[in-house]
Amino acid sequence: MLASALLVFLCCFKGHAGSSPHFLQQPEDMVVLLGEEARLPCALGAYRGLVQWTKDGLALGGERDLPGWSRYWISGNSASGQHDLHIKPVELEDEASYECQASQAGLRSRPAQLHVMVPPEAPQVLGGPSVSLVAGVPGNLTCRSRGDSRPAPELLWFRDGIRLDGSSFHQTTLKDKATGTVENTLFLTPSSHDDGATLICRARSQALPTGRDTAVTLSLQYPPMVTLSAEPQTVQEGEKVTFLCQATAQPPVTGYRWAKGGSPVLGARGPRLEVVADATFLTEPVSCEVSNAVGSANRSTALEVLYGPILQAKPKSVSVDVGKDASFSCVWRGNPLPRITWTRMGGSQVLSSGPTLRLPSVALEDAGDYVCRAEPRRTGLGGGKAQARLTVNAPPVVTALQPAPAFLRGPARLQCVVFASPAPDSVVWSWDEGFLEAGSLGRFLVEAFPAPEVEGGQGPGLISVLHISGTQESDFTTGFNCSARNRLGEGRVQIHLGRRDLLPTVRIVAGAASAATSLLMVITGVVLCCWRHGSLSKQKNLVRIPGSSEGSSSRGPEEETGSSEDRGPIVHTDHSDLVLEEKEALETKDPTNGYYRVRGVSVSLSLGEAPGGGLFLPPPSPIGLPGTPTYYDFKPHLDLVPPCRLYRARAGYLTTPHPRAFTSYMKPTSFGPPELSSGTPPFPYATLSPPSHQRLQTHV
């Protein structure tokens, strides 16, 4: 106030002093918010005339209330030269260049530019208030501020009060130089954790430093987030395991797929999988793939499976020369890893521990089978073993087989067994007269056969046989050499042929002849008894075989005439009338009951049997060679004994069913019953003293 009064006083003083009109205060550029009041000052000194304001060169008028401009007026004391222009409320059209003019004095103030500021409105987020994005996929959010704000607003992004970087600003200007559309795009790659997050777009300018905010909520679509677990995680082979596949997803899960070692598990559906654990689960993980409309996710896990030894690499048999080094290797797997030991087949001494066995400078006795044994470090997991053979290459090993003694001018056989690795190139028999490798030479013949496999890894073997036909005296004094050769050397053995005398054989032949003679006499006696008995009886004859059930029921107590110890083969005879004119054919033996039928006569004989029921035969000769026929094999045809010849007056002898039944029998010159002296019993042999051997009892 003091300054204003001083200014007025100076103007009056100058006026009184005759000074010219001048501006005491001129308007200046100013900025005003839309809707508020604008005041442009103007003060003149030493002037008492008309004062007016122009807007962009257009006179507003000289009246204080400025008719026609309802929001405009001039204020201040005109006597003191104060002419301030007021605009209220300011609108966008008020933005112009204003001058204060003293028309009568020809004074014009400098132009004053009035700027109208328009505060920005709340920005718009495209797609808001909830924007859907895909987790893991790059996306963007666009914030837009339209037009009428002056100056152009600044668009910023915030999350939880923290400004976000990575935005791009873009502004479009209208033709009238007014601010057009302003956009700010935020680029981001959201994650599933951003689901439901709130982001703010803020528009601020000089007209509104605090700015205006618009919030947007993120709604994320994301593929399943999977967690895979196994219960129990550590399991022994053969036990059950349950896998659980849990997933969160937006949109919801549409399917599950299980795989083991990359191969689908057929029939597996849903979030659970039950299996029986085996060793493969340790190296072939189980995976669970979960899908929805956005995508899929996969998780896998491997079990800690405890299992016993499993052979991965079997030891291989080796063949080395004597004196060289040999080695075997075998690979076992297991969980936990098994202990591996090496032993020799049939032995318990541990030769080595670990997957490899080394044998330096092998000898012939090192040949054989070696065992690689795997033992689990945990009980209840089982074990395993594998074996391989070591073959030691060496000169052939030749062994003689003890030859059987031979007769002079008889056959002989010499044998040798050859084991060799590598196989022998040749096996040769040599003696004084020459040598022979294969085939025949005079009285000599060589054959070869594979030898049975033996333990020790001596390589394949063969048996070489030298046959001699018609031995000579020199053969029993000569040494026969069997030799074999391969690339490593030669092996040989000498064999001498033993001689056999004929004296034991003669004794055996004599004994056999004596036995045959005795047996023939017994058969002849039986035949004579049957003939004499047949002439006095008219009933059928039945000869009972001991142990047979036939005819046992037809024997009465009166027929037993001796003790069971002394009784020999029992002959029971039943007679029937036969005539020579009958034409019935002779029947052969019935195999179902053991009888012979000759024109109604049934005969069953068992003669020559031992007391125990067996047929006595002389033992075979003990001097026979293996595979050669037994000399003097006495086996007469005693299984069929001819039936007794039946006699009747005016009838001839009947034919027998066996052609050899009575080869030594002489046909009598006359027919009829034998003449008996008076007092002679019907059976002459009944008066004889009991024989020392089993007797033949006859029952009528």
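Every residue number used here counts from 1 along the chain in the order it is shown.
Note that Cβ sites are derived from N, Cα and C of the backbone, with glycine treated the same way.
Cross-referencing C330, C416 with Swiss-Prot gives C330 as the cysteine bonded to C372, criterion being a recorded disulfide. Feature annotation from Swiss-Prot across Y256, Y632, Y653 places phosphotyrosine at Y653.
Cross-referencing C100, C201 with Swiss-Prot gives C201 as the cysteine bonded to C143, criterion being a recorded disulfide. Considering S149, S552, S563, the record held by Swiss-Prot lists S563, annotated as phosphoserine. Here C100 (disulfide bond) comes close to F23, Q26, P27, L40, C42, V51, W53, H83, L85, R108, S109: these same-chain residues lie at least six apart in sequence, with C-beta atoms under 8 angstroms from its C-beta.
Averaged across the domain 'Ig-like C2-type 5' (395-497), pLDDT in this predicted model comes to 89.
Using N298 (N-linked glycosylation site) as the reference Cα, a 10 A cut-off selects none from the recorded positions N140, C143, C201, C372, N481, C482.
With a cut-off of 8 Å between CB atoms and residues at least 6 apart in sequence, the same chain places L311, A313, K314, P315, I340, P355, C372, A386, A388 near C330 (disulfide bond), listed in sequence order.
Spatially, by CA atoms, the recorded positions N140, C245, C288, C416 include one closest to C201 (disulfide bond), and that is N140. Among the recorded positions N140, C143, C416, the residue whose Cα lies closest in space to that of N481 (N-linked glycosylation site) is C416.
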